[in-house]
Structure formats: C-alpha cells, structure tokens
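Chemist: Per Swiss-Prot, the features are:
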BINDING   HIS118, HIS122, HIS128  Zn(2+) binding site
Amino acid sequence: MSIEVSNESGIDVSESELVSVARFVIRKMDVNPAAELSMVLLDTAAMADLHMRWMDLPGPTDVMSFPMDELEPGGRPDTPEPGPSMLGDIVLCPEFAAKQAADAGHTLGQELALLTVHGVLHLLGYDHAEPDEEKEMFALQRELLEEWVAEQVEAYHLDRQNEKDRRLLDKSRYFDTP
C-alpha cells in the first residue's frame with residue numbers, strides 16, 4: 001500500500017502518524033492492499049480556494065476527499081486486473097484543524113487522526129448528508145479511531161517492555177563467565 005504525504009501547510013505535523021492511521025483504516029476496511037492514497041496538507045488560504053472551487057462554499061474547511069471512483073459505502077477499489085488502484089486524495093488543513101482541536105480539548109495530532117479516518121471513509125463512499133448516513137459514518141469513524149488508538153497504545157507498551165528486557169539482559173551479561 002502506497003501512501004504519499006505532501007505537507008504544504010507550513011505547520012509541522014507527524015506525517016508518520018497520518019500514514020499509520022490511514023493505513024490502519026484501509027486495512028480494516030478490506031481495501032485492496034495495492035491501493036494508493038495521496039494526502040496533501042494545505043494552509044487556510046489554499047484550502048479556502050479549494051473549498052470554494054469544489055464545494056462552492058466560502059472559507060477553509062478541515063478536510064476534503066477526492067475519490068478516484070464513486071464507491072458504495074463499504075465498497076472497495078478492488079479490481080480483477082493486477083496493479084495498484086488509486087483510492088484518491090485527502091486534503092487536510094492543519095491550521096483549521098488546530099482551532100477545532102482547541103475547541104474540542106484535544107491535540108492537533110488527535111484531530112488530524114480523526115480527520116484522516118473521516119477522509120478515508122469518504123473515499124470509500126461513506127457520507128453524512130442524511131441523518132442515517134451521518135449516524136452510520138460517525139459510529140464507524142469513532143470505532144476505527146478507537147481501535148487505531150488501542151493498537152498504538154499496545155505497540156507503545158510492547159516497545160517499552162522490549163526496552164526494559166533489553167536493558168535487563170545487558171546488565172545480566174556482566175555476570176556471564178567466559
């Protein structure tokens with residue numbers, strides 16, 4: 001799976017975290033592992049321009065998704081022929097997201113992870129224009145984000161334990177006899 005990130009926002013963000021959450025969602029949603037995804041991070045002026053051009057709405061927004069193909073909710077871009085398929089583009093605005101994060105009482109990284117999940121779900125055909133669609137999409141979004149966070153916490157604790165084990169083994173070598 002290829003995920004390309006281009007940060008043109010001027011704000012330092014963890015690109016590896018964005019890739020991690022996108023890769024997790026794509027895997028959990030059974031998308032073809034050869035799928036390609038592009039993520040672009042823009043400043044508010046560029047996002048406002050994109051928002052007006054594509055949605056005819058003034059001002060910036062947090063995330064926009066541009067699927068390569070129209071997909072049904074839960075659908076996949078699997079194709080019978082070999083080769084990668086282009087899932088689409090997710091455009092994020094970290095500056096706008098930072099304001100939302102502050103209002104919600106969490107970090108920019110947490111907000112961008114949420115928006116990445118949201119963007120991938122849009123690429124897979126999910127929408128929230130109608131109340132029933134919103135309920136389904138937001139429940140799935142919450143579930144996927146919680147699972148990804150749990151996986152990150154587990155990996156962190158495993159890394160910590162491995163580091164403790166390594167230090168303990170290093171200390172025990174002092175007592176080894178030749």
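The backbone N, Cα and C atoms fix where each Cβ goes, glycine too.
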Chemist: Within a 10 Å radius of its Cβ, which of these binding-site residues (HIS118, HIS128) has the fewest neighbouring Cβ atoms?
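Modeler: Counting other Cβ atoms within 10 Å of each of the binding-site residues HIS118, HIS128 gives the minimum at HIS128.
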Chemist: For the recorded Zn(2+) site, whose residues are HIS118, HIS122, HIS128, find every other residue on that chain with a C-beta no more than 8 angstroms from the centre of their C-beta atoms, and list them by sequence position.
Modeler: VAL63, SER65, GLY119, LEU121, TYR126, ASP127, MET137, GLN141
Chemist: Around HIS122 (Zn(2+) binding site), how many other CB atoms lie within 10 A of its CB?
Modeler: 20
